[in-house]
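Asks: Quick one: the structure is below, questions incoming.
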Amino acid sequence: MDSQGGPYLNKKALCSPLGAARLCQLAMGCAVIAMVTHSAGYSGSHGVFCMAAWCFCFAMSVVVFFLDATRLHSCLPVSWDNLTVTCAAFATLMFVTASVVYPLFFVRIECPYAGCDVRNFRIAVTVCSILGALAYGAEVAWCRARPGQAVVGYMATVSGLLKVVQGFVACIIFGALANGSEYSRYSATIYCVVVYAFCFALTAVVVIMTVCGRTKAVRCMPFDRFVVVCTLLEVLLYLSASVVWPVFCFDTKYGSPWRPSSCPRGKCPWDSKVVVAVFSFINFGLYVVDLIYSQRIRFVSSRNSRV
């Protein structure tokens, strides 16, 4: 018992829908890692990414569950509600990506040389990964702020969750840029890279300020207005990059609108350019939706949770 007469452990960490979702996350994460290391296996950069995603999300879930169950999160200088929903949203994206990449590169209908047991384990890994993604998505849905509800945790709003998705999409863009995209050939494409990096940094600043409970650090304006200003700037920058990048990569004056026949699969600069172009438009759309939703947000103060 604590000094106030209550139990040391948080019963809601187990006996609640949120607790059930987190236990399912732990179970699915443990099952996936165990099966991959036991027999399913992984190789190459795609396999390493999937394994890293599962291990990172599992470790993050263990820490979140332990801190919530022991109430030790109250000792941390963070907004716990904002931190947990951010972790859950990020883990959802990681698990969804791994659930697509792993079967795409490792699961085959016919039995491989290692036998049908390996194939069956890989199918089981895919199923557990999908269930893990659903468990993380359930936590996000449970914690998400409802329409008309006073907002205490910014990351629980549509705008806050979009920030996580925007950062994730930006990481995909950076990965494509690093994979032989030849962005350094023209000043215009270098400008696009600067735009992607600046917008990612700005989004990260908003998320970090929210999670660390430092929203009052912006003294010249309220935090909700600061978010709108940042989002508008990001929309304008991404609009310019979404126009400039395709012109300098696929116009016949600077590049090729068609994939070169001699380009090797997996190491083709043209493919990387297409990925950057597609996800630039996706992130531009996300920022536009974010701008629309962020104008509806009004924050309230709370003694138990810092925005």
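Placed from the backbone N, Cα and C atoms, the Cβ positions cover glycine too.
Annotation source TrEMBL lists domain 'MARVEL' at 13-148, 154-299. Annotation source TrEMBL lists transmembrane segment at 20-40, 46-67, 88-109, 121-142, 154-176, 188-213, 225-248, 274-293.
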Asks: At a threshold of under 8 Å on Cβ distances, which of 20-40, 46-67, 88-109, 121-142, 154-176 pairs most often with the transmembrane segment (274-293)?
Replies: 154-176
Asks: Counting Cβ pairs under 8 Å that are 6 or more apart in sequence, does the total for the transmembrane segment (154-176) and the transmembrane segment (88-109) reach three or more?
Replies: yes
Asks: Can you name the far-off residues of the same chain, 6+ from the ends of the transmembrane segment (88-109), with a Cβ under 8 Å from a Cβ of it?
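Replies: Same-chain residues near the transmembrane segment (88-109) but 6 or more away: 25, 40-42, 44, 46-47, 49-50, 53-54, 56-57, 60-61, 119, 122-123, 125-126, 129-130, 132-133, 136-137, 139-140, 143, 155, 161, 164-165, 168.
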Asks: By DSSP assignment, list the helix, strand and coil residue numbers for the domain 'MARVEL' (154-299), in that order.
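Replies: Its residues divide into 109 helix, 1 strand, 36 coil.
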